[in-house]
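S.K.: For reference, the structure I am asking about is given below.
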Amino acid sequence: MLPSGKSIRILGIDPGLRITGFGVIEKNGSQLTYLGSGCVVTEKSGLPDRLKTILDGLNEIILQHQPEQVAVEQVFVNINPKSTLLLGQARGAAISAAVLHELSVYEYTALQIKQSVVGNGHARKEQVQEMVMRLLRLGERPRPDAADALACAICHAHGGTGLLALSVRNHLKRGGCP
């Protein structure tokens, strides 16, 4: 849950085995401030090396930006089961980075994120990029993976607790984005 009356720093993560997007925002009252975003890109190598790159990259980002909470896009079931499993492993590396720093992790579906940020759960990537740019008063559209991560953080900042909130103590919470 978001504490009321104080600012909070949120790291949003859009997990991917090849490209993991990240975005950091701060919420102070109803004000959202952009702090940074980008992508952790893995080399074409074995799965363990790619997962380590994701874990190490997000660990650096957490140390640099000091978020208090983490919002992660939930894995959707793909037509290709192998792709779904690989994406789940990338997501696991991302969650592990947060848990190593004793941060609570909140999950949101793509539908929840798009509904919260764009007002349409079936919005196109370009619409998400445009709304993220406007909500955070950016000079240009962020890259798609970074925009998705920022949108996830914005969804959480808007008061969502996600389908599952995984705290360090494995305490489950339920809720959703407004």
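Including glycine, each Cβ sits where the backbone N, Cα and C put it.
OK, Swiss-Prot features for this one:
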ACT_SITE  ASP14  active site
BINDING   ASP14, ASP145  Mg(2+) 1 binding site
ACT_SITE  GLU73  active site
BINDING   GLU73  Mg(2+) 2 binding site
ACT_SITE  ASP145  active site
S.K.: Return the residues near GLU73 (active site), defined as same-chain residues 6+ apart in sequence whose C-beta is under 8 angstroms from its C-beta, sorted by sequence, else 'none'.
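M.R.: Correct list: ILE13, ASP14, PRO15, GLU107, TYR108, THR109, ALA110, ILE113, ASP148, ALA149, CYS152.
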S.K.: Using Cβ-Cβ distances, find the residues under 8 Å from ASP145 (Mg(2+) 1 binding site) that belong to the same chain and are at least 6 apart in sequence, listing them in sequence order.
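M.R.: Expected: ASP14, GLY16, ILE19, THR20, GLY21, CYS39.
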S.K.: So, in DSSP terms, is ASP14 (active site) helix, strand, or coil?
M.R.: strand
